[in-house]
Amino acid sequence: MRLSRNDPGLPLYQSENKRGYTFRRIRAQARNWFSSRSNPMKLAIVLMVLFSVFVLVKLCSGAATKSENSPIESQDPIIINEQIIGGKKEDDFDHEEVEKPADEIDNKIVQEKDKMIAPESGGTAVKFTGPTNDRQKAVVKAFQHSWMGYKKYAWGHDTLKPVSKSYSDWFDTGLTIVDGLDTAIIMGLEEEAAEATDWIQNKLTFEKDRMVNFFECTIRVLGGMMSAFYLTGNHMFLEKSVDLGDRLLAAFKSPSPIPYSDVNLLKRTATNPQWGADSSLSEVTTVQLEYRALSRASGNSTYEDLSFNVSKHIHKIGCDSHEGLCGMFINANTGLFKKGATITFGARSDSYYEYLFKQWIQTGKTIDWLKEDYGKAMAAMEKYLYRNSEPNKMFFVGELLSGETYSPKMDHLVCFIAGTLSHGSKNGFPRKHLDMAERIGETCHNMYDNPTGLGPEIAHFNMIPGKEDLYVKPLDAHCLLRPEAIEAWFYLYRFTGDKKYQEWGWAAFQAIEKYARIPSGGYSSISNVKKTNVQYRDSMESFLLGETFKYLYLLLGDDQTVLPLDEWVFTTEGHPLPIYAN
(Lines of atoms letter the chains of each structure in order from A; the text may use other names.)
(Lines give C-alpha, C1' and ligand atoms only; values in the text may rest on other atoms or scores of the structure.)
Protein backbone atom coordinates (compact mmCIF):
# COMPACT_ATOMS: atom_id res chain seq x y z
CA MET A 1 0.00 0.00 0.00
CA ARG A 2 1.57 3.23 -1.17
CA LEU A 3 0.61 6.63 0.16
CA SER A 4 0.25 9.15 -2.63
CA ARG A 5 -0.07 12.90 -2.63
CA ASN A 6 -2.81 12.46 -5.24
CA ASP A 7 -5.01 10.29 -3.04
CA PRO A 8 -8.08 12.48 -2.09
CA GLY A 9 -8.91 10.24 0.84
CA LEU A 10 -5.59 10.83 2.54
CA PRO A 11 -4.58 14.53 2.47
CA LEU A 12 -0.88 14.14 3.39
CA TYR A 13 0.09 17.54 2.05
CA GLN A 14 -1.65 20.31 3.98
CA SER A 15 -0.82 23.86 4.81
CA GLU A 16 1.28 24.49 7.95
CA ASN A 17 -1.72 25.34 10.16
CA LYS A 18 -3.39 22.03 9.33
CA ARG A 19 -0.31 19.79 9.71
CA GLY A 20 -1.21 18.66 13.29
CA TYR A 21 -4.71 17.69 12.23
CA THR A 22 -3.37 15.72 9.30
CA PHE A 23 -0.92 13.66 11.36
CA ARG A 24 -3.55 12.89 13.98
CA ARG A 25 -5.96 11.72 11.32
CA ILE A 26 -3.33 9.42 9.76
CA ARG A 27 -2.40 7.99 13.15
CA ALA A 28 -6.07 7.24 13.98
CA GLN A 29 -6.67 5.55 10.62
CA ALA A 30 -3.57 3.41 11.08
CA ARG A 31 -4.58 2.39 14.59
CA ASN A 32 -8.07 1.41 13.39
CA TRP A 33 -6.57 -0.61 10.51
CA PHE A 34 -4.25 -2.60 12.75
CA SER A 35 -6.97 -3.31 15.37
CA SER A 36 -9.54 -4.44 12.83
CA ARG A 37 -10.26 -8.18 12.74
CA SER A 38 -11.43 -7.79 9.12
CA ASN A 39 -7.85 -7.59 7.83
CA PRO A 40 -6.41 -11.11 8.03
CA MET A 41 -3.63 -10.27 5.52
CA LYS A 42 -2.40 -7.23 7.43
CA LEU A 43 0.72 -8.94 8.81
CA ALA A 44 1.77 -10.18 5.39
CA ILE A 45 1.26 -6.73 3.90
CA VAL A 46 3.31 -5.08 6.63
CA LEU A 47 6.16 -7.53 6.07
CA MET A 48 6.05 -6.91 2.32
CA VAL A 49 6.25 -3.17 2.87
CA LEU A 50 9.18 -3.51 5.27
CA PHE A 51 11.02 -5.82 2.83
CA SER A 52 10.44 -3.38 -0.04
CA VAL A 53 11.86 -0.53 2.01
CA PHE A 54 14.92 -2.64 2.87
CA VAL A 55 15.57 -3.52 -0.81
CA LEU A 56 15.13 0.11 -1.86
CA VAL A 57 17.67 1.27 0.72
CA LYS A 58 20.22 -1.31 -0.46
CA LEU A 59 19.76 -0.35 -4.09
CA CYS A 60 20.22 3.33 -3.33
CA SER A 61 23.32 2.54 -1.30
CA GLY A 62 24.80 0.53 -4.19
CA ALA A 63 24.03 3.26 -6.68
CA ALA A 64 25.66 5.83 -4.47
CA THR A 65 28.78 3.69 -4.14
CA LYS A 66 28.94 3.16 -7.90
CA SER A 67 28.57 6.87 -8.59
CA GLU A 68 31.65 7.52 -6.50
CA ASN A 69 33.76 5.37 -8.80
CA SER A 70 35.44 6.58 -12.00
CA PRO A 71 32.92 7.52 -14.69
CA ILE A 72 34.86 5.42 -17.20
CA GLU A 73 34.61 2.15 -15.33
CA SER A 74 33.65 -0.70 -17.62
CA GLN A 75 29.99 -1.70 -17.37
CA ASP A 76 30.24 -5.27 -18.63
CA PRO A 77 33.42 -7.07 -17.58
CA ILE A 78 34.27 -10.25 -19.45
CA ILE A 79 36.72 -12.97 -18.54
CA ILE A 80 39.43 -14.20 -20.89
CA ASN A 81 41.71 -17.00 -19.70
CA GLU A 82 40.88 -16.09 -16.08
CA GLN A 83 41.78 -12.44 -16.65
CA ILE A 84 39.07 -9.89 -15.90
CA ILE A 85 38.44 -7.45 -18.73
CA GLY A 86 36.79 -4.10 -18.20
CA GLY A 87 37.21 -3.68 -14.45
CA LYS A 88 39.75 -1.69 -12.44
CA LYS A 89 42.19 -3.20 -10.00
CA GLU A 90 44.57 -1.72 -7.48
CA ASP A 91 47.97 -3.27 -8.21
CA ASP A 92 50.74 -1.17 -9.66
CA PHE A 93 51.68 -1.64 -13.32
CA ASP A 94 54.79 -3.83 -13.50
CA HIS A 95 57.10 -2.67 -16.25
CA GLU A 96 59.52 -5.49 -15.43
CA GLU A 97 56.94 -7.89 -16.82
CA VAL A 98 56.74 -5.93 -20.05
CA GLU A 99 60.49 -5.91 -20.50
CA LYS A 100 61.25 -9.58 -19.96
CA PRO A 101 63.56 -11.13 -22.57
CA ALA A 102 62.14 -13.50 -25.16
CA ASP A 103 62.87 -16.75 -23.32
CA GLU A 104 60.86 -15.60 -20.30
CA ILE A 105 57.79 -14.37 -22.16
CA ASP A 106 54.77 -16.64 -21.80
CA ASN A 107 53.06 -17.52 -25.08
CA LYS A 108 49.69 -17.39 -23.37
CA ILE A 109 47.76 -14.31 -22.28
CA VAL A 110 48.94 -13.10 -18.89
CA GLN A 111 47.18 -15.12 -16.21
CA GLU A 112 47.69 -12.71 -13.36
CA LYS A 113 45.03 -10.26 -12.29
CA ASP A 114 44.61 -7.01 -14.15
CA LYS A 115 46.83 -4.30 -12.70
CA MET A 116 46.04 -0.67 -12.05
CA ILE A 117 48.31 2.03 -13.39
CA ALA A 118 48.13 5.66 -12.40
CA PRO A 119 45.79 7.40 -14.85
CA GLU A 120 47.52 10.00 -16.96
CA SER A 121 45.09 12.86 -17.54
CA GLY A 122 44.59 14.49 -20.88
CA GLY A 123 45.38 17.76 -19.15
CA THR A 124 44.53 21.08 -20.68
CA ALA A 125 43.82 21.56 -24.35
CA VAL A 126 46.74 21.92 -26.73
CA LYS A 127 46.77 25.36 -28.33
CA PHE A 128 46.69 25.56 -32.13
CA THR A 129 46.87 28.89 -33.95
CA GLY A 130 45.47 27.84 -37.33
CA PRO A 131 47.04 28.28 -40.79
CA THR A 132 49.91 30.75 -41.16
CA ASN A 133 50.37 30.87 -44.94
CA ASP A 134 48.36 30.63 -48.15
CA ARG A 135 49.22 27.00 -48.81
CA GLN A 136 48.05 25.91 -45.38
CA LYS A 137 44.88 27.98 -45.86
CA ALA A 138 44.22 26.14 -49.13
CA VAL A 139 44.51 22.79 -47.35
CA VAL A 140 42.13 23.99 -44.64
CA LYS A 141 39.61 25.01 -47.31
CA ALA A 142 39.93 21.56 -48.86
CA PHE A 143 39.21 19.95 -45.50
CA GLN A 144 36.17 22.21 -45.10
CA HIS A 145 34.99 21.32 -48.61
CA SER A 146 35.21 17.65 -47.66
CA TRP A 147 33.43 18.29 -44.37
CA MET A 148 30.69 20.28 -46.08
CA GLY A 149 29.95 17.51 -48.58
CA TYR A 150 30.01 14.86 -45.88
CA LYS A 151 27.78 16.91 -43.58
CA LYS A 152 25.29 17.58 -46.37
CA TYR A 153 24.99 14.08 -47.80
CA ALA A 154 26.41 11.56 -45.33
CA TRP A 155 26.36 13.00 -41.81
CA GLY A 156 26.59 10.25 -39.18
CA HIS A 157 27.47 7.59 -41.73
CA ASP A 158 30.92 6.17 -42.29
CA THR A 159 31.94 7.66 -45.63
CA LEU A 160 30.69 10.05 -48.28
CA LYS A 161 29.98 8.99 -51.84
CA PRO A 162 30.56 12.45 -53.32
CA VAL A 163 29.54 11.80 -56.92
CA SER A 164 26.18 10.19 -56.17
CA LYS A 165 25.72 12.49 -53.14
CA SER A 166 25.05 9.57 -50.85
CA TYR A 167 26.92 7.51 -48.30
CA SER A 168 28.22 4.08 -47.38
CA ASP A 169 28.51 2.34 -44.03
CA TRP A 170 31.25 -0.08 -43.11
CA PHE A 171 31.15 -0.11 -39.32
CA ASP A 172 28.21 2.28 -38.80
CA THR A 173 30.31 4.37 -36.40
CA GLY A 174 30.60 7.69 -38.24
CA LEU A 175 34.15 6.97 -39.41
CA THR A 176 34.68 10.27 -41.19
CA ILE A 177 33.65 12.30 -38.14
CA VAL A 178 35.81 10.41 -35.67
CA ASP A 179 38.78 9.97 -38.00
CA GLY A 180 38.81 13.62 -39.05
CA LEU A 181 38.14 15.30 -35.71
CA ASP A 182 41.73 15.72 -34.56
CA THR A 183 42.62 17.23 -37.95
CA ALA A 184 39.92 19.85 -37.43
CA ILE A 185 41.33 20.54 -33.95
CA ILE A 186 44.89 20.89 -35.27
CA MET A 187 43.72 23.21 -38.05
CA GLY A 188 41.93 25.42 -35.52
CA LEU A 189 38.50 24.72 -37.04
CA GLU A 190 36.38 25.32 -33.96
CA GLU A 191 32.98 24.98 -35.65
CA GLU A 192 33.76 21.67 -37.31
CA ALA A 193 35.40 20.34 -34.14
CA ALA A 194 32.35 21.35 -32.10
CA GLU A 195 30.00 19.61 -34.55
CA ALA A 196 32.03 16.43 -34.37
CA THR A 197 32.26 16.56 -30.58
CA ASP A 198 28.51 17.03 -30.23
CA TRP A 199 27.78 14.09 -32.54
CA ILE A 200 30.21 11.78 -30.77
CA GLN A 201 28.81 12.73 -27.36
CA ASN A 202 25.11 12.52 -28.23
CA LYS A 203 24.78 10.24 -31.25
CA LEU A 204 27.68 7.80 -31.38
CA THR A 205 26.81 4.42 -29.91
CA PHE A 206 28.57 1.10 -30.21
CA GLU A 207 25.44 -0.92 -29.47
CA LYS A 208 25.54 -2.21 -33.05
CA ASP A 209 24.91 -5.80 -34.07
CA ARG A 210 27.62 -5.55 -36.69
CA MET A 211 30.94 -7.23 -37.34
CA VAL A 212 33.81 -4.77 -37.55
CA ASN A 213 37.46 -5.24 -38.38
CA PHE A 214 39.34 -5.16 -35.06
CA PHE A 215 42.34 -3.34 -36.55
CA GLU A 216 40.52 -0.75 -38.65
CA CYS A 217 38.05 0.09 -35.90
CA THR A 218 40.92 0.49 -33.45
CA ILE A 219 43.09 2.77 -35.58
CA ARG A 220 40.27 4.91 -36.99
CA VAL A 221 37.68 5.13 -34.20
CA LEU A 222 39.53 4.36 -30.96
CA GLY A 223 42.66 6.16 -32.15
CA GLY A 224 40.68 9.18 -33.30
CA MET A 225 38.86 9.53 -29.99
CA MET A 226 41.99 9.03 -27.90
CA SER A 227 43.83 11.67 -29.90
CA ALA A 228 40.91 14.06 -29.43
CA PHE A 229 41.04 13.34 -25.69
CA TYR A 230 44.72 14.17 -25.41
CA LEU A 231 44.43 17.27 -27.62
CA THR A 232 41.40 18.71 -25.82
CA GLY A 233 41.34 17.21 -22.32
CA ASN A 234 37.65 16.37 -22.81
CA HIS A 235 36.99 13.20 -20.78
CA MET A 236 33.90 12.37 -22.82
CA PHE A 237 36.25 11.05 -25.51
CA LEU A 238 37.94 8.84 -22.95
CA GLU A 239 34.63 7.45 -21.70
CA LYS A 240 33.61 6.59 -25.27
CA SER A 241 37.02 5.03 -25.87
CA VAL A 242 36.70 2.78 -22.83
CA ASP A 243 33.30 1.61 -24.03
CA LEU A 244 34.66 0.77 -27.47
CA GLY A 245 37.88 -0.69 -26.10
CA ASP A 246 35.99 -3.09 -23.85
CA ARG A 247 33.93 -4.31 -26.80
CA LEU A 248 36.91 -4.77 -29.09
CA LEU A 249 38.78 -6.82 -26.49
CA ALA A 250 36.57 -9.73 -27.51
CA ALA A 251 39.14 -10.22 -30.28
CA PHE A 252 41.48 -11.64 -27.63
CA LYS A 253 39.18 -14.59 -26.88
CA SER A 254 41.32 -16.67 -29.23
CA PRO A 255 43.30 -19.73 -28.00
CA SER A 256 46.60 -17.88 -28.56
CA PRO A 257 47.86 -14.36 -27.85
CA ILE A 258 47.02 -13.49 -31.47
CA PRO A 259 43.58 -11.81 -31.66
CA TYR A 260 40.82 -12.66 -34.09
CA SER A 261 40.32 -10.22 -36.92
CA ASP A 262 36.60 -9.41 -36.61
CA VAL A 263 34.46 -8.39 -33.64
CA ASN A 264 30.71 -8.02 -33.14
CA LEU A 265 30.34 -4.77 -31.18
CA LEU A 266 26.99 -5.64 -29.63
CA LYS A 267 27.49 -9.31 -28.86
CA ARG A 268 31.19 -8.92 -27.99
CA THR A 269 32.09 -12.02 -29.93
CA ALA A 270 34.97 -12.45 -32.37
CA THR A 271 35.93 -14.63 -35.31
CA ASN A 272 38.46 -15.20 -38.05
CA PRO A 273 38.00 -13.29 -41.32
CA GLN A 274 35.55 -14.75 -43.82
CA TRP A 275 38.29 -15.43 -46.34
CA GLY A 276 40.37 -17.77 -44.18
CA ALA A 277 41.73 -18.84 -40.81
CA ASP A 278 44.59 -16.35 -40.56
CA SER A 279 44.92 -12.81 -39.30
CA SER A 280 47.09 -10.26 -41.10
CA LEU A 281 50.42 -9.48 -39.45
CA SER A 282 49.86 -5.73 -39.65
CA GLU A 283 46.37 -5.95 -38.20
CA VAL A 284 47.34 -7.76 -35.00
CA THR A 285 50.52 -5.72 -34.41
CA THR A 286 49.16 -2.24 -35.10
CA VAL A 287 46.82 -1.60 -32.19
CA GLN A 288 49.40 -1.28 -29.44
CA LEU A 289 49.87 2.52 -29.52
CA GLU A 290 46.14 3.07 -29.21
CA TYR A 291 45.59 0.53 -26.44
CA ARG A 292 48.61 1.70 -24.48
CA ALA A 293 47.24 5.25 -24.59
CA LEU A 294 43.86 3.96 -23.43
CA SER A 295 45.42 2.10 -20.50
CA ARG A 296 47.55 5.04 -19.43
CA ALA A 297 44.59 7.43 -19.57
CA SER A 298 41.96 5.17 -17.98
CA GLY A 299 44.09 3.52 -15.32
CA ASN A 300 43.18 0.04 -16.59
CA SER A 301 46.28 -1.84 -17.75
CA THR A 302 44.26 -4.60 -19.44
CA TYR A 303 44.26 -2.93 -22.84
CA GLU A 304 48.02 -2.46 -22.85
CA ASP A 305 48.70 -5.92 -21.42
CA LEU A 306 46.66 -7.87 -23.96
CA SER A 307 47.76 -5.90 -27.01
CA PHE A 308 51.41 -5.90 -25.97
CA ASN A 309 51.24 -9.66 -25.45
CA VAL A 310 50.91 -9.89 -29.23
CA SER A 311 54.18 -8.04 -29.73
CA LYS A 312 55.88 -10.13 -27.06
CA HIS A 313 54.60 -13.34 -28.64
CA ILE A 314 55.93 -12.47 -32.10
CA HIS A 315 59.20 -11.37 -30.54
CA LYS A 316 59.43 -14.76 -28.85
CA ILE A 317 58.65 -16.99 -31.81
CA GLY A 318 60.71 -14.74 -34.07
CA CYS A 319 61.01 -14.48 -37.84
CA ASP A 320 64.44 -16.03 -38.12
CA SER A 321 64.18 -17.50 -41.60
CA HIS A 322 64.57 -14.00 -43.04
CA GLU A 323 66.47 -12.43 -40.17
CA GLY A 324 63.59 -10.45 -38.71
CA LEU A 325 61.26 -10.13 -41.72
CA CYS A 326 57.90 -11.81 -41.05
CA GLY A 327 55.32 -13.38 -43.30
CA MET A 328 52.06 -11.54 -43.81
CA PHE A 329 49.73 -14.07 -42.15
CA ILE A 330 49.57 -15.48 -38.61
CA ASN A 331 46.98 -17.88 -37.20
CA ALA A 332 44.93 -16.78 -34.20
CA ASN A 333 44.21 -20.36 -33.15
CA THR A 334 47.77 -21.68 -33.22
CA GLY A 335 49.68 -18.43 -32.81
CA LEU A 336 52.00 -19.49 -35.64
CA PHE A 337 52.93 -17.87 -38.92
CA LYS A 338 51.57 -19.30 -42.15
CA LYS A 339 54.36 -21.04 -44.00
CA GLY A 340 55.36 -19.73 -47.40
CA ALA A 341 53.55 -16.40 -47.06
CA THR A 342 54.72 -13.32 -48.94
CA ILE A 343 57.19 -11.03 -47.19
CA THR A 344 56.39 -7.41 -47.88
CA PHE A 345 56.40 -3.90 -46.45
CA GLY A 346 53.09 -3.30 -48.20
CA ALA A 347 49.53 -4.35 -47.42
CA ARG A 348 49.02 -6.83 -44.52
CA SER A 349 52.53 -6.36 -43.12
CA ASP A 350 53.53 -2.69 -43.35
CA SER A 351 52.69 -1.23 -39.96
CA TYR A 352 54.16 -4.16 -37.99
CA TYR A 353 57.56 -2.60 -38.65
CA GLU A 354 56.23 0.91 -38.06
CA TYR A 355 54.90 -0.03 -34.60
CA LEU A 356 58.08 -1.82 -33.56
CA PHE A 357 59.80 1.54 -33.76
CA LYS A 358 56.92 3.70 -32.58
CA GLN A 359 56.19 1.57 -29.51
CA TRP A 360 59.81 2.02 -28.52
CA ILE A 361 59.39 5.77 -28.95
CA GLN A 362 56.01 5.86 -27.18
CA THR A 363 57.37 4.09 -24.11
CA GLY A 364 60.25 6.53 -23.70
CA LYS A 365 62.83 4.25 -25.39
CA THR A 366 62.77 1.92 -22.39
CA ILE A 367 61.94 -1.45 -24.00
CA ASP A 368 65.18 -2.46 -25.66
CA TRP A 369 63.97 -5.51 -27.56
CA LEU A 370 61.53 -3.36 -29.57
CA LYS A 371 64.46 -1.27 -30.76
CA GLU A 372 66.53 -4.38 -31.46
CA ASP A 373 63.77 -6.11 -33.43
CA TYR A 374 63.21 -2.97 -35.48
CA GLY A 375 66.92 -2.55 -36.22
CA LYS A 376 67.21 -6.21 -37.15
CA ALA A 377 64.24 -5.92 -39.51
CA MET A 378 65.65 -2.82 -41.21
CA ALA A 379 68.96 -4.59 -41.82
CA ALA A 380 67.09 -7.55 -43.29
CA MET A 381 64.94 -5.25 -45.41
CA GLU A 382 68.09 -3.69 -46.86
CA LYS A 383 69.54 -7.15 -47.55
CA TYR A 384 66.50 -8.89 -49.03
CA LEU A 385 64.13 -6.22 -50.38
CA TYR A 386 65.91 -2.90 -50.96
CA ARG A 387 66.88 -2.56 -54.63
CA ASN A 388 67.24 0.05 -57.36
CA SER A 389 65.75 0.25 -60.81
CA GLU A 390 67.32 0.72 -64.22
CA PRO A 391 68.41 2.94 -65.79
CA ASN A 392 67.99 5.83 -63.30
CA LYS A 393 68.58 4.01 -60.04
CA MET A 394 65.27 4.56 -58.29
CA PHE A 395 65.50 2.87 -54.90
CA PHE A 396 62.48 0.90 -53.80
CA VAL A 397 61.39 -1.88 -51.43
CA GLY A 398 60.19 -5.00 -53.20
CA GLU A 399 58.62 -8.25 -52.01
CA LEU A 400 59.48 -11.92 -51.60
CA LEU A 401 56.61 -13.94 -53.07
CA SER A 402 56.01 -17.12 -51.07
CA GLY A 403 58.95 -15.97 -49.00
CA GLU A 404 61.37 -16.80 -51.82
CA THR A 405 60.90 -15.14 -55.22
CA TYR A 406 61.84 -11.48 -55.50
CA SER A 407 59.21 -9.17 -57.03
CA PRO A 408 60.09 -5.54 -57.90
CA LYS A 409 56.62 -4.40 -56.80
CA MET A 410 56.00 -1.62 -54.29
CA ASP A 411 52.66 -0.54 -52.88
CA HIS A 412 52.01 3.15 -52.25
CA LEU A 413 51.60 2.01 -48.63
CA VAL A 414 55.33 1.22 -48.50
CA CYS A 415 56.17 4.93 -48.69
CA PHE A 416 55.57 5.05 -44.92
CA ILE A 417 58.97 3.43 -44.37
CA ALA A 418 60.77 6.54 -45.60
CA GLY A 419 59.22 8.46 -42.72
CA THR A 420 60.00 5.74 -40.19
CA LEU A 421 63.61 5.38 -41.34
CA SER A 422 64.20 9.13 -41.15
CA HIS A 423 62.61 9.22 -37.70
CA GLY A 424 64.85 6.41 -36.56
CA SER A 425 67.97 8.11 -37.88
CA LYS A 426 67.32 10.92 -35.40
CA ASN A 427 66.92 8.46 -32.54
CA GLY A 428 70.14 6.50 -32.56
CA PHE A 429 69.92 4.48 -35.76
CA PRO A 430 72.62 4.77 -38.45
CA ARG A 431 72.96 7.73 -40.79
CA LYS A 432 72.41 5.38 -43.72
CA HIS A 433 68.80 5.01 -42.57
CA LEU A 434 68.28 8.65 -43.44
CA ASP A 435 70.00 8.11 -46.80
CA MET A 436 67.66 5.19 -47.52
CA ALA A 437 64.68 7.28 -46.41
CA GLU A 438 65.60 10.11 -48.77
CA ARG A 439 66.01 7.71 -51.69
CA ILE A 440 62.71 5.93 -51.04
CA GLY A 441 61.00 9.29 -50.50
CA GLU A 442 62.23 10.40 -53.91
CA THR A 443 60.97 7.20 -55.51
CA CYS A 444 57.56 7.86 -53.98
CA HIS A 445 57.71 11.30 -55.59
CA ASN A 446 58.50 9.64 -58.93
CA MET A 447 55.39 7.49 -58.51
CA TYR A 448 53.39 10.73 -58.76
CA ASP A 449 54.92 11.52 -62.17
CA ASN A 450 51.72 10.76 -64.03
CA PRO A 451 49.43 12.85 -66.27
CA THR A 452 47.19 13.55 -63.26
CA GLY A 453 50.06 14.14 -60.83
CA LEU A 454 48.53 11.58 -58.47
CA GLY A 455 50.16 8.40 -57.18
CA PRO A 456 48.90 4.91 -58.10
CA GLU A 457 48.06 2.18 -55.63
CA ILE A 458 50.96 0.00 -56.82
CA ALA A 459 54.07 0.52 -58.95
CA HIS A 460 56.44 -1.97 -60.57
CA PHE A 461 60.10 -1.31 -61.23
CA ASN A 462 62.32 -2.37 -64.08
CA MET A 463 65.64 -4.00 -63.21
CA ILE A 464 66.79 -4.63 -66.79
CA PRO A 465 68.71 -1.91 -68.68
CA GLY A 466 66.99 -0.32 -71.66
CA LYS A 467 63.49 0.15 -70.28
CA GLU A 468 61.73 2.77 -68.18
CA ASP A 469 62.39 2.62 -64.44
CA LEU A 470 58.80 2.56 -63.28
CA TYR A 471 55.55 1.36 -64.77
CA VAL A 472 51.98 1.02 -63.55
CA LYS A 473 49.71 -1.84 -64.53
CA PRO A 474 46.11 -0.94 -65.45
CA LEU A 475 44.62 -2.76 -62.45
CA ASP A 476 47.02 -0.95 -60.12
CA ALA A 477 46.46 2.57 -61.47
CA HIS A 478 43.67 3.66 -59.14
CA CYS A 479 44.26 6.30 -56.48
CA LEU A 480 42.53 6.36 -53.10
CA LEU A 481 44.18 9.68 -52.15
CA ARG A 482 46.34 7.82 -49.65
CA PRO A 483 48.62 9.70 -47.22
CA GLU A 484 51.81 7.59 -47.09
CA ALA A 485 53.98 9.55 -49.53
CA ILE A 486 52.96 12.87 -47.99
CA GLU A 487 53.51 11.38 -44.54
CA ALA A 488 57.06 10.42 -45.58
CA TRP A 489 57.77 13.91 -46.91
CA PHE A 490 56.47 15.41 -43.65
CA TYR A 491 59.01 13.43 -41.61
CA LEU A 492 61.79 14.07 -44.11
CA TYR A 493 61.14 17.81 -44.01
CA ARG A 494 61.07 17.80 -40.22
CA PHE A 495 64.45 16.06 -40.06
CA THR A 496 66.28 17.61 -43.03
CA GLY A 497 64.69 21.04 -43.54
CA ASP A 498 64.88 20.50 -47.30
CA LYS A 499 62.03 22.52 -48.81
CA LYS A 500 61.76 20.23 -51.82
CA TYR A 501 59.53 18.06 -49.67
CA GLN A 502 57.14 20.95 -49.20
CA GLU A 503 57.12 21.47 -52.97
CA TRP A 504 56.37 17.81 -53.57
CA GLY A 505 53.52 17.93 -51.08
CA TRP A 506 52.11 21.10 -52.60
CA ALA A 507 52.20 19.58 -56.09
CA ALA A 508 50.33 16.51 -54.84
CA PHE A 509 47.73 18.73 -53.19
CA GLN A 510 47.21 20.72 -56.40
CA ALA A 511 46.66 17.44 -58.27
CA ILE A 512 44.05 16.43 -55.71
CA GLU A 513 42.32 19.76 -56.18
CA LYS A 514 42.38 19.50 -59.96
CA TYR A 515 41.37 15.91 -60.49
CA ALA A 516 39.64 14.62 -57.35
CA ARG A 517 37.55 17.57 -56.17
CA ILE A 518 33.78 17.22 -56.58
CA PRO A 519 32.11 20.68 -56.81
CA SER A 520 29.08 19.72 -54.71
CA GLY A 521 31.31 18.67 -51.82
CA GLY A 522 34.09 16.23 -51.06
CA TYR A 523 36.80 14.50 -53.05
CA SER A 524 36.65 11.18 -54.87
CA SER A 525 39.10 8.38 -55.42
CA ILE A 526 39.86 7.98 -59.12
CA SER A 527 40.21 4.91 -61.30
CA ASN A 528 43.34 5.67 -63.32
CA VAL A 529 46.07 8.18 -62.49
CA LYS A 530 47.37 8.03 -66.07
CA LYS A 531 44.21 9.46 -67.62
CA THR A 532 43.30 13.13 -67.23
CA ASN A 533 39.75 12.38 -68.35
CA VAL A 534 39.22 10.93 -64.90
CA GLN A 535 36.70 8.32 -63.91
CA TYR A 536 35.56 8.63 -60.31
CA ARG A 537 35.22 5.71 -57.94
CA ASP A 538 32.61 7.66 -55.95
CA SER A 539 34.29 7.14 -52.59
CA MET A 540 35.92 9.51 -50.10
CA GLU A 541 37.92 7.49 -47.60
CA SER A 542 37.95 8.69 -44.00
CA PHE A 543 41.76 8.77 -44.04
CA LEU A 544 41.65 11.66 -46.51
CA LEU A 545 40.54 13.85 -43.58
CA GLY A 546 42.28 11.85 -40.88
CA GLU A 547 45.70 11.67 -42.52
CA THR A 548 46.22 13.11 -46.01
CA PHE A 549 45.02 16.63 -45.26
CA LYS A 550 46.58 16.54 -41.79
CA TYR A 551 50.04 15.65 -43.06
CA LEU A 552 49.73 18.21 -45.87
CA TYR A 553 48.79 20.90 -43.37
CA LEU A 554 51.68 20.05 -41.07
CA LEU A 555 54.17 19.66 -43.93
CA LEU A 556 53.29 23.07 -45.41
CA GLY A 557 53.40 24.96 -42.11
CA ASP A 558 55.88 27.71 -41.34
CA ASP A 559 56.16 26.47 -37.77
CA GLN A 560 57.57 22.95 -37.66
CA THR A 561 57.47 22.82 -33.87
CA VAL A 562 53.73 22.10 -33.88
CA LEU A 563 53.26 18.64 -32.32
CA PRO A 564 57.00 18.07 -31.77
CA LEU A 565 58.11 14.53 -32.49
CA ASP A 566 59.95 14.19 -29.19
CA GLU A 567 56.63 14.68 -27.37
CA TRP A 568 54.08 13.12 -29.72
CA VAL A 569 53.97 9.93 -31.76
CA PHE A 570 51.63 9.59 -34.73
CA THR A 571 49.68 6.36 -35.07
CA THR A 572 49.48 4.51 -38.34
CA GLU A 573 46.23 6.42 -38.96
CA GLY A 574 47.94 9.75 -38.31
CA HIS A 575 46.49 10.39 -34.84
CA PRO A 576 48.97 12.05 -32.45
CA LEU A 577 49.34 10.46 -29.01
CA PRO A 578 51.71 11.48 -26.20
CA ILE A 579 55.12 9.92 -25.58
CA TYR A 580 55.53 8.53 -22.05
CA ALA A 581 58.57 8.73 -19.84
CA ASN A 582 58.44 4.95 -19.27
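Quick reminder: no glycine exception, Cβ is built from N, Cα and C everywhere.
TrEMBL: automatically predicted annotations, no manual curation.
If you go by TrEMBL, Cys415 shares a disulfide bond with Cys444, out of Cys444, Cys479. Shown are the active-site residues Glu216, Glu457, Glu484; the one with the most C-beta atoms within 10 angstroms of its own C-beta is Glu484.
Taking Cβ-Cβ distances under 8 Å and a sequence gap of 6 or more within the same chain, the neighbours of Thr572 (Ca(2+) binding site) are Ile219, Thr286, Leu289, Ser351, Glu354, Tyr355, Phe416. Considering only the active-site residues Asp350, Glu457, Glu484, Cys415 (disulfide bond) has Glu484 as its nearest partner by CA-CA distance. Taking the Cβ of Cys444 (disulfide bond) as centre and 10 Å as the limit, one finds 28 other Cβ atoms among all the protein chains shown. Distance noted between the C-alpha atoms of Glu484 (active site) and Glu457 (active site, proton donor) is 11 Å. Each residue contributes its Cα atom, and for Asp350 (active site) and Glu457 (active site, proton donor) those atoms are 14 Å apart. Rounded to a whole value, the Cα-Cα separation of Glu457 (active site, proton donor) and Glu216 (active site, proton donor) is 19 Å.
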